[in-house]
Amino acid sequence: MQANGAGQGQESSELSCLNSAQNGESSSAGGTHSNGLLSSTDNGNSVGTSNGSSAGPGTGTSATSTASSSEVGSLKKKKRLSQAEEDVIRLIGQHLHGLGLNQTVDLLMQESGCRLEHPSATKFRNHVMEGEWDKAENDLNELRALMHSPNAIVRMKFLLLQQKYLEYLEDGKVLEALQVLRGELTPLKYNTDRIHVLSGYLMCSHAEDLRAKAEWEGKGTDSRCRLLDKLQTYLPPSVMLPPRRLQTLLRQAVELQRDRCLYHNTKLDNNLDSVSLLLDHVCSRKQFPCYTQQILTEHCNEVWFCKFSNDGTKLATGSKDTTVIIWQVDPESHQLKLLRTLEGHAYGVSYLAWSPDDTNLIACGPDDCSELWLWNVQTGELRTKMSQSHEDSLTSVAWNPDGKRFVTGGQRGQFYQCDLDGNLLDSWEGVRVQCLWCLSDGRTVLASDTHQRIRGYNFEDLTDRNIVQEDHPIMSFTVSKNGRLALLNVATQGVHLWDLQDRVLVRKYQGVTQGFYTIHSCFGGHNEDFIASGSEDHKVYIWHRRGELPIAELTGHTRTVNCVSWNPAIPGLMASASDDGTVRVWGPAPFLDTQEADGLNENCSNMDS
C-alpha cells in the first residue's frame, strides 16, 4: 500500500482536502494511528505504527514521508474536496477501521488530508474502551464546546458512570460502586427512576445474577462498544461518526429500493449479505401472482365467495349452487385439488369464515337466508345448523380470536354472539349488519351497517362507538392482520383504505368498477403490502398499498369477479371467484421463454405507465 501511495504523487494531490494540515492538529500520543484510532491487530500482526512515522531502514517510509512533505505546496494549489467527498472518505475510513484495516485507513487519511474524527473524540473513545472513566469524564469538558446541546453532557456523564458502577459491582468492589452511586450518579439529579433500579443491583449475589438482571454483557469490549454507540448519538457527526454509518446508509438505500419496487413480494431481509450492492433492486412482473395457474370448474353456478385458510393449506369456495368446496393446496406445486364438498345450503353460500385454528368453517347465505352452518372441515361433518328465527337474515359472520365464540348478523336487525353449538350468548338490538370483523383484543367487534358506517361494539360492557363514516353504502370490508387498517368496498366509489386508529381515510384506489354488488377485496403479499379486489368489469385489480393506481389488471373471467383471496402463507398465490362459475388460481409466470410468457392469454396487464 505504501508503494502504491508513493507512486501516485500527482493523482493523490487531486484527492487531498488538507483539513489536518491546515488546522495543524496531530494524532493522539500512545498506541494510536495517524487516523486517531486505537491500533489493532490485522492478520495476527501488530498494526501499531502509522504510515509516515519513523521506521527501520529499508522500509521506504522516510521516502514516502519526504515525498508527501514536498507535495504540500502543490496540494494547496489543487482544488479542495467538497464536503460530500470528505464525508465519503470518512465513511469509507470508518468501515475499513471496523474491518481492522488500519494501515489502509492511515494511508487513506494521509493521502486525502482528511481526519476520521476530532482528536478530542478520539481521546474520549480510547479512554472509554480502556475503562479509564476519570479521563473519559475529563474529555467531556473538551467536547462540551463542540456539542449542540449542553444538556447532552449530563446524559453522557450518566451513561459513563452507569458503566463504571456496573463494572465495579461485577468486580466485587461494592464500596467503590456505592460511592459512584451516592457521590457521582445521584448528584447529577438525572433519571432518578433509573438510579433506583441501579441501587437494586447491589443485592445481586454474583456476577451472573448482575448481568442477567441488568441485561448487560459484562465488563469488556462488547459492553463498552455498546456504550460508545449510545454516547455517539449525543455528538455531532463532524466530531464522531455515528456507529457503522456506511452500513446504515447502504441498508437504507436497499430498503428504499424495495419500497419503490412495485412487485416486491418476498420476505424482507435487512442483512446486506442477502443482496447485491452492485445492481439496483428490481422484481420482475413475472414473479408476481398475475398469471392463471388453474381454473377450477367444479361449481355449477355463480361462485360468490372464496377464502384461504389461515395456514394457507386449504381454500374454501361458496357458490349459488348450494355447495361449499374445500380445496387442498399442494405445498410444492401450489396446485389445488378437491378435498371435499359440503352440501345442503339451500339459499347458496355468500360468505365463509375459517376458525382461528382452521378446524371449523362457518357458511352464511344471501339476504333471505335465516340459517348458518358450522362445519368441521377435518371430518366434513355438520357440527351446528343455527337459526334463531325464520325472519332473521344471517349474511355475515366473524370468529372471536379464542375460537370458542362467533358473531353473526344481517340487514334485518340481527346481531348475535354465539358459542360453537349455536347457543345465543349475547345480542345487540336494532343493528342492521352488512359485514363483521372481530379485533384481536377479543372484545371489540367491528360492524358495517346500513348507515354507511363502521362502528365498534363491545359485548362485555355493551358500549359502542363510531369509527368510520362513508358517504355511500359499505358493501364489505376486511381488516389487516395488525388491526390497524380497514379495506372497504364502497358502492359506486370503489376500494377505500382507512386507518382505524386515527379514524381517517388514507387512500382511494382507482380503476375498479364497483356498483351495488357485494364485492370482497383483500390484503396480501409479504407484509400485506398489496391490495386486490374483484370488479364488475370482469377483472381482478391489484394495487401496491401505497399507490392509488393499479399495478396489475388480471383478465380471464367473463363475468363479475365477486371475491379475491390472497394466500397468507404463500405470497405468490391468489384466488378469485366469479359469476362465470369458475375459481381462478393466480401465480407467477410459468417457466417459459420470456417471449412466451409475455404472450399468455390470461395475462397481467402492465400498469407501470
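Numbering starts at 1 and runs along the chain as displayed.
Cβ coordinates are placed from backbone N, Cα and C, and glycine is handled just like the others.
For 1-79, the entry in TrEMBL reads region 'Disordered'.
Per TrEMBL, the feature compositional bias 'Polar residues' maps to 1-38.
What TrEMBL lists as compositional bias 'Low complexity' is 39-70.
Per TrEMBL, domain 'CTLH' is recorded for 117-176. Note on the domain 'CTLH' (117-176): mean pLDDT across this stretch is 90.
Below 8 angstroms of C-beta separation, residues 336-354, 356-358, 361, 363, 366, 375, 377, 520, 559, 562-570, 573, 575-585 of the same chain, each at least six residues beyond the ends of the repeat 'WD' (296-330), sit close to that stretch. The repeat 'WD' feature in TrEMBL is assigned to 296-330 (among others).
The repeat 'WD' annotation in TrEMBL covers 342-373 (among others). Under DSSP, residues within the repeat 'WD' (342-373) fall into helix, strand and coil as 0 helix, 12 strand, 20 coil.
Residues or ranges marked as repeat 'WD' by TrEMBL: 554-586 (among others).
Long-range neighbours of the repeat 'WD' (554-586) within the same chain, counting only residues 6 or more positions beyond its ends whose Cβ lies under 8 Å from a Cβ of the stretch, are 265-266, 287-297, 299-308, 310-313, 315, 317, 319, 329, 334, 336, 517-526, 530, 532-536, 538-542, 601-605. For the domain 'CTLH' (117-176), residue counts in helix, strand and coil come to 46 helix, 0 strand, 14 coil, using DSSP.
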